[in-house]
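Worksheet: one structure, shown below.
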Amino acid sequence: MNRTMLQGKLHRVKVTQADLNYEGSCAIDQDFLDASGILQYEAVDIYNVNNGQRFSTYAIAAERGSKIISVNGAAARCACEGDLLIICSYVQMSDEQAREWQPKVAYFEGDNQMKRVAKAVPVQVA
């Protein structure tokens, strides 16, 4: 049996641009892609913290160090400049591999300042 597991996550990045006329995708600072293990052209799911919208697109690289998060094409209708997003990619693996798997999670604050990168999502407590 295969399982679909979280591979990489950008937690609470801020949209810097929403460009309806660009041909689709989500442009992401190359440093952010590297930190999360998300590859250019990889499918990503995006969760908008501000409005609750959830949508899928693919990642493209933005200039390294630019702090750009640009939601493009039709997806630009789902996010506005300043919105906070969670961007995730997933991977399929065997049940055995999944039991040992740890995703790469990059956490952000302010104007896309990466504050830390972790190899797991913390346990939620009461």
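In case you wondered, yes, glycine gets a Cβ from its N, Cα and C as well.
Feature annotations, reproduced from Swiss-Prot:
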type: ACT_SITE; residues: S25; note: active site, schiff-base intermediate with substrate
type: ACT_SITE; residues: Y58; note: active site, proton donor
type: BINDING; residues: T57, G73, A74, A75; note: substrate binding site
type: MOD_RES; residues: S25; note: pyruvic acid (Ser)
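Annotation note: A74 (substrate binding site) sits in a helical segment as assigned by DSSP. Using a 10 Å radius centred on the Cβ of T57 (substrate binding site) and all shown protein chains, the other Cβ atoms total 19. The binding-site residues listed here are A74, A75; among them, A75 has the most other Cβ atoms within 10 Å of its own Cβ. In this structure the alpha carbons, written CA, of Y58 (active site, proton donor) and the residue listed as 'active site, schiff-base intermediate with substrate' are 5 Å apart.
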